[in-house]
Structures are given as structure tokens and as C-alpha cells.
Amino acid sequence: MTLRLFDTESRTMREFAPLVPGRASVYLCGATVQGEPHIGHVRSGVAFDVLRRWLQAHDYDVWFIRNVTDIDDKILNKAAEAGRPWWEWAATYERAFDRAYRLLGVQPPSAEPRATGHITQMVELMRRLIERGHAYASAGNVYFDVQSYPEYGALSGHKLDDVHQGESAGEGKRDPRDFTLWKAAKPGEPSWPSPWGPGRPGWHLECSAMAEFYLGAEFDIHCGGMDLVFPHHENEIAQSKAAGDGFARYWLHNGWVTMGGEKMSKSLGNVLSVPNMLTKVRAVELRFYLGSAHYRSMLEYSDKALDDAVAGYQRIEAFLHRTAERVGEIPVGKWTDAFAEAMDDDLAVPRALAEVFRLVTEGNKALEAGAVDTARELGGQVRAMLGILGVCPFDPQWDHKQDDSVAQTALDVLVRAELDRRQQARADKDWATADAVRDRLHAAGIDVTDTPNGPEWSLRTARGKAN
């Protein structure tokens, strides 16, 4: 069966046919690094890591780009409120996201570009748009002329008359529906030079420029959360295609993590941070939970749903460990046809997991009957399927010191809370409190080092330091 994916733009299931045979190019909208990652943030990372693994299983050479938005109004505002440099704030939470992805077993991207590292490409894209009559400069700002692009709204289904960009009218806008490509410099804010005056890029411009730079004018798959369909992805399409690029050929969007039927969001105060979740369950169990629903479905969080997922994973894990105790090493086998059919059907993970549990049931029966060869074969198949989902307990990511990993994560949460108090005290010039926090951590065996990217901590041992 050929891999089929649901394409948001055409609203149909389409067979995946890459632009270049044997190669798959994928762009995932990454984090705006404004704060601690919560499980709603990282669901897309887990979901599209499964896509990447399945493409690799189809023998594609996958070039996977996940960007970092490290300049944004929210970053500037939160850094200013905390009295910290914007770049330090962004770097701190970029590391927090990297740590969360790493703990959840998400494969590192082929490249992870920062927006601030690609201003040159953004300026060039704006120049092309202005030359083609699709953008205009006004009072140091640059705007995209939405009416100049008749196909606007094709991705989201929005009619032009109904468009609201969710941004201010803007100085010099010809039409309130036009969106910002370049924001003129303001006192106290970072800026970069451009032919239209100093300023900084708009969010939509960043992704178009980075996707083209790393993947080319046309590439295979663009991924992201469903909340990005409009305006972000709609605007990406408009500016890239208006500039003459083919841009993405398939659009994939994952559903939200919800609580009480509402999207998990810091503005609603209903977030569950990744570090705090990892004090309750192991990282592999959290990944299993986040990846257990179909990627396009909403994932309604509840303690019971999490507990059920953990119990399900532990059932699989127990079968594999019992089998290994009886037969020794379990070689990785080949997934079943039913598993492959499910994954080829728009990554139907719930059906794929049903096949995993079917084999676990058969395997447990084989163990009870003393049919160890059958159990070994079934265990190998289960290992292969869990490997695609990124949760095989025997994989190096998970097969060492899981309890130590949970304890380390819990300690990191507590220490970073203290470091945040210290940073706030320093911003307030409350040196006594800042020193007291540092001394308290030192007495507990924790050394703090101030770096250009913010404070780092290490645990002191009898022989020295160990991160």
C-alpha cells in the first residue's frame, strides 16, 4: 500500500509522491520560545517525528527542518516584564524546548534555523514581492497586499471579505487585511537594517524565507498545529507563491491537546508543562500518551486518560521484558501488514496500536504455553512497530536509568524555579535575595554558572561536577 496523507489544502487524502524520488523534504513550524514548553506545544513534535520515522521506514532520505522563532512581540514583552535581555530570554526557552524534545525521544532535525539568523533571506524575499507588486513599504514597515493574490484563502477556506489578520491596522496600511512583513524599528527594541529602514521581521515572513533557504522553492510537506492554518500558513502560502515559489505540496496539521474541551493555552491558564509532567510519568510514557491518538484528532487531557495510556504502555513493556527473560535478546523483526496498512492510511496510530496489543496478547499466550520461539518472533514484531512510534523500551533512548531520568527532571524543575527567582531579584537589583538563592543552592550541592545565555546549573559530586 502506498502512503496516503490528508492534505489540508485540497481537503483530500492524497498518495505521497515526493518531488525528488527517494527523498522527502519536510518543514515543521517550531516553537516561539517565549516560555516553558507544555504538552500542547510538543504534541506536533511527537506526531511529526512519527511521520519522519515512517518515511524513513519507506527508505526515504528525509530532510527535516524545524525552525525556532526567537524574535517576536511575546518574547520582547515577557523579557521586558522580567527585566531580562530579549536574546537571553529566547535562548533560555530555546534550550528548554530542546530539552523537552530530547527527553521525549524526538529525533533532532536535519537543521534547526533561528529566525534571527536569516534576516538576509527575509529581506530578499520582501524585495521580490515588492518588485512583483505584491508588497509595499510605508513608514518603514513593509506589508503584503492581500488583494494582489487572488488565491488567498485557499488553505483555510476564508473568503477575502471575511479576513481578519489579528494584528493592528498598522501605520500606512492600504487595507486592514494586509499583513506585516517587516516592522519598523521602535525605541528599545532590536532591529536589523533593510532597504526600507531598520526593523524586524514579521512572523509569517520568517518561515517562508527559512523553508525556501533549506528546502528550496518547492518542497514536499509542511507541518504544524491546526491553529496555524490561519493566518500563519495561509500567509506563508500567499507570500511564497506570490514571490514565484511553488512552496509546499502537502499540508499536514495536528490537533490540539485540550482540557475541558478548550485548547491548552498559557493565556487560559490550563497548561501542563513538560518538566512537571515528567515528575509524574516517565518520558517514554508521556510520549506514548501524546502519540496514541490520531495526529489530526483533538487529544483531551485527563488524569484518567494519562493513567490508561501509561497502563497500556506498561502492559506492552511487561510482555517484552518477560519474553527477554525467557529467550534472551529479542532481535528486531518486521511489522505486520495490518500495522503497515494503518500507518500508510494517514498515520492511523490508533489502528496501529490495536495491532501491537493484538500481538502482545498472542505473545503472552505463547509464553504461558511455553512456546518461546513464537514469543520471540512476536516480540521482534512488537519491537519493530514500537520503533516506528518511537517508544520501544529496548531502544537506547529509553533503555537506561529511567528512574534516574525522572528524578533528574524533577530536580531540574525545582532548581530552575529558584534560578528564575534569582534572575528576577537581579533584575530588581535585590542583590541580597539573589545571593541568598545562590548560596542556598550551593549549600545543597548545586553550582550556578552565569553564561551569556542565562544561568546554568550543575550537581557537585565528591570528585567534582556532573551536569
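Every residue, even glycine, has its Cβ placed from backbone N, Cα and C.
These come from Swiss-Prot:
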| type | residues | note |
| --- | --- | --- |
| BINDING | CYS29, CYS207, HIS232, GLU236 | Zn(2+) binding site |
| MOTIF | 31-41 | motif ''HIGH' region' |
| MOTIF | 263-267 | motif ''KMSKS' region' |
| BINDING | LYS266 | ATP binding site |
| REGION | 446-467 | region 'Disordered' |
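Structural mapping of features recorded in Swiss-Prot.
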residue: CYS29; record: Zn(2+) binding site; Cβ within 10 Å: 24
residue: CYS207; record: Zn(2+) binding site; Cβ within 10 Å: 27
residue: HIS232; record: Zn(2+) binding site; Cβ within 10 Å: 19
residue: GLU236; record: Zn(2+) binding site; Cβ within 10 Å: 27
residue: LYS266; record: ATP binding site; Cβ within 10 Å: 15
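Summarised as a single figure, the pLDDT of the motif ''HIGH' region' (31-41) averages 95. Comparing CYS29 (Zn(2+) binding site) with the residue listed as 'ATP binding site', their Cα atoms are 19 Å apart once rounded. In this structure the C-alpha atoms belonging to GLU236 (Zn(2+) binding site) and the residue listed as 'ATP binding site' are separated by 25 Å. Counting only the Cα atoms, the space from CYS207 (Zn(2+) binding site) to the residue listed as 'ATP binding site' is about 23 angstrom. When the alpha carbons of LYS266 (ATP binding site) and HIS232 (Zn(2+) binding site) are compared, the span between them is 19 angstrom. Mapped onto DSSP helix, strand and coil, the motif ''KMSKS' region' (263-267) counts 2 helix, 1 strand, 2 coil.
Sequence-ordered, the extra residues of this chain that approach the Zn(2+) site, with Cβ no more than 8 Å from the Cβ center of CYS29, CYS207, HIS232, GLU236, are TRP203, HIS204, GLU206, SER208, HIS222, GLY224, LEU228, HIS233, ASN235. Following the DSSP three-state reduction, the secondary structure of CYS29 (Zn(2+) binding site) is coil. When secondary structure is read from DSSP and collapsed to three states, HIS232 (Zn(2+) binding site) falls in the helix class.
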